[in-house]
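Novice: What Swiss-Prot records for this protein is below:
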type	residues	note
SIGNAL	1-23	signal peptide
DISULFID	C30-C58	disulfide bond
DISULFID	C31-C73	disulfide bond
REGION	98-144	region 'Disordered'
COMPBIAS	118-127	compositional bias 'Polar residues'
Amino acid sequence: MKLWLFACLVACFVGAWMPVVHAQGAFEDCCLGYQHRIKWNVLRHARNYHQQEVSGSCNLRAVRFYFRQKVVCGNPEDMNVKRAMRILTARKRLVHWKSASDSQTERKKSNHMKSKVENPNSTSVRSATLGHPRMVMMPRKTNN
């Protein structure tokens, strides 16, 4: 009988707290303080960063730098932090640009191969002169 009463009390307690927990939302990953004296030779190994704004349970503006196995919080007003953010943004753009140009190259190759498959008797426009209009291939003369 006592076990039944205890189970009912626990169920009522959990039921009463469930809407409050749900209303608060998901747990946010926040920086609660800055890592002081972050040196450039550490920040240059960061893989990515995220700017944290003041909202919800995060009450501190910060920049989170993601490394292989850890996260470091930096002050957005620090010069090294600003420099690392600039370089990581440029690195991200470069990777995006390279992947876009690689996909264009692959598209061109696939279109070229597609035209060869559609018409296997076609000859390539390029000749032995590599398309140069003034160059003519002549046989070598041998001196006997």
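Each Cβ is built from the backbone N, Cα and C atoms, and glycine gets one as well.
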Novice: Once the DSSP letters are reduced so that anything not helix or strand counts as coil, what is C31 (disulfide bond)?
Specialist: coil
Novice: Roughly how many angstrom lie between the C-alpha atoms of C73 (disulfide bond) and C58 (disulfide bond)?
Specialist: 13
Novice: In three-state terms from DSSP, label C73 (disulfide bond) for me.
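Specialist: DSSP call for C73 (disulfide bond): strand.
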Novice: Give the number of CB atoms, excluding that of C73 (disulfide bond) itself, located within 10 Å of its CB.
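Specialist: So the Cβ neighbour count for C73 (disulfide bond) comes to 18.
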Novice: Just to confirm: which same-chain residues, 6+ apart in sequence, have a Cβ under 8 Å from the Cβ of C30 (disulfide bond)?
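Specialist: In sequence order, the residues whose Cβ lies under 8 Å from that of C30 (disulfide bond) (at least 6 apart) are Q52, S57, C58, N59, L60.
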